[in-house]
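Visitor: Pasting the feature list from Swiss-Prot:
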type    : residues               : note
BINDING : ASP10, ASP347, HIS348  : Mn(2+) 1 binding site
BINDING : ASP306, HIS311, HIS359 : Mn(2+) 2 binding site
Amino acid sequence: MKRAFIMVLDSFGIGATEDADRFGDVGADTMGHIAEACAKGEADNGRKGPLNLPNLTRLGLVKAHEGSTGKIAAGMDGNAEVIGAYAWAHELSSGKDTPSGHWEIAGVPVLFDWGYFSDHENSFPQELLDKLVKRANLPGYLGNCHSSGTVILDQLGEEHMKTGKPIFYTSADSVFQIACHEETFGLDKLYELCEIAREELTEGGYNIGRVIARPFIGDKAGNFQRTGNRHDLAVEPPAPTVLQKLVDEKNGHVVSVGKIADIYANCGITKKVKATGLDALFDATIKEMKEAGDETIVFTNFVDFDSSWGHRRDVAGYAAGLELFDRRLPELMELVGEDDILILTADHGCDPTWTGTDHTREHIPVLVYGPKVKPGSLGHRETFADIGQTIAKYFGTSDMEYGKAMF
């Protein structure tokens with residue numbers, strides 16, 4: 001029985017790429033800087049001491065980081081026995097965003113340039129805003145700027161509740177984000193507005209990767225909270241991913257846990273499972289792994305590393321999240337059968353010690369575990385698509401256009 005379990009630790013980069021200068025990210029190192037802060041006692045809020053990831057270390061994480069950066073992460077064991085195969089991978093795609101990273105993991109790099117709303121104030125074209133107001137019958141809008149999602153709620157959340165005007169904002173990513181209160185504005189109404197925005201952005205030729213619904217609750221600045229009802233409306237990948245090939249060519253199954261289905265615009269997904277928070281994502285993943293039959297991929301995105309700690313530049317929170325992940329990792333490993341493979345990876349970086357609030361251009365770890373996987377280094381991979389090609393070879397689908405199988 002052949003099954004592949006892919007776990008994306010969203011934003012867990014392991015050191016700047018060779019082209020990081022193009023992105024202003026020279027020196028970025030999500031893992032290394034978290035480990036450094038922990039070793040210095042600067043991340044003791046809710047946790048304590050050096051970064052403690054024994055299970056990820058056994059799968060080759062410290063070695064992969066060393067390959068990427070040339071040094072062993074502070075306070076971590078560079079001499080631990082390694083029981084998995086490990087690599088560090090460079091992104092071929094032109095961006096450092098979620099769809100680009102995930103699509104490339106599945107064998108389809110993004111070789112075109114996304115559209116962006118680069119102006120920090122008055123970010124969106126007036127023509128687009130006017131169409132949204134008219135089509136959705138809105139009383140107006142708030143925001144129209146670059147912002148962190150939590151900051152803008154404190155700034156505009158109360159006014160939104162009073163006026164019913166949705167909050168429009170963006171970032172350095174190719175996104176159009178809409179924040180609305182679940183109760184005063186309504187979740188269904190927010191989703192409908194996002195559908196309209198997706199249509200207008202596509203028809204207008206803006207080439208924007210995602211429209212993101214950002215629902216929140218609370219009654220005043222300081223206690224607004226984003227909920228787990230986020231919804232991403234992505235464009236479809238430009239070519240069939242390995243997920244699609246498994247379904248089409250092998251009559252296989254692809255189970256999305258978390259936001260995976262949204263990222264691939266539901267292409268190549270046969271089952272969707274929603275879950276919010278690290279523990280809930282783990283629980284859902286374990287359930288699906290136990291139930292998975294032959295020719296199945298279970299694909300989980302652990303978004304909290306990015307959304308809760310990376311973008312918010314919360315080093316201690318990120319470290320605590322990694323340690324929780326590591327503590328629960330053996331639960332996944334013990335479900336890996338004789339012919340199965342478990343792949344742990346990331347989609348980009350988001351160094352919580354870096355300036356600003358945006359992603360960072362970094363190598364990603366590629367950690368592969370299974371009874372038939374030979375432990376040791378798989379070296380520097382020139383594209384994330386090597387993961388997709390490896391999975392294609394494993395399941396016996398037609399080759400992907402990009403990437404080289406790692407084994």
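Every residue gets a Cβ built from N, Cα and C, even glycine.
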Visitor: For a quick check of understanding: among the binding-site residues HIS311, HIS359, which residue's Cβ has the most other Cβ atoms within 10 Å?
Guide: HIS359
Visitor: Quick check for the class: what is the C-alpha distance, in angstrom and rounded, between HIS359 (Mn(2+) 2 binding site) and HIS348 (Mn(2+) 1 binding site)?
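Guide: Answer for this pair: 7 Å between alpha carbons.
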Visitor: Enumerate same-chain residues with a sequence separation of six or more from HIS348 (Mn(2+) 1 binding site) and a Cβ-Cβ distance below 8 A; give 'none' if the list is empty.
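Guide: Looking at Cβ-Cβ distances below 8 Å from HIS348 (Mn(2+) 1 binding site), excluding near sequence neighbours, one finds SER11, GLY13, GLU91, LYS96, ASP97, THR98, SER100, GLY101, HIS359, THR360, ARG361, GLU362, ILE364.
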Visitor: I'd like the number of other C-beta atoms within 10 A of the C-beta of ASP306 (Mn(2+) 2 binding site), please.
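Guide: Excluding its own Cβ, the number within 10 Å is 25.
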Visitor: Please report the Cα separation of ASP306 (Mn(2+) 2 binding site) and ASP347 (Mn(2+) 1 binding site) in Å, rounded to an integer.
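Guide: Rounded to a whole number, the Cα-Cα distance is 10 Å.
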Visitor: When the number of other CB atoms within 10 A of each residue's CB is tallied over all shown chains, which of the binding-site residues ASP10, ASP347 has the maximum?
Guide: ASP347
Visitor: Rounded to the nearest Å, what's the C-alpha distance separating HIS311 (Mn(2+) 2 binding site) and ASP347 (Mn(2+) 1 binding site)? Just drop the number here, would you?
Guide: 14
Visitor: According to DSSP, folded down to helix, strand and coil, what is ASP306 (Mn(2+) 2 binding site)?
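Guide: In three-state terms, ASP306 (Mn(2+) 2 binding site) counts as helix.
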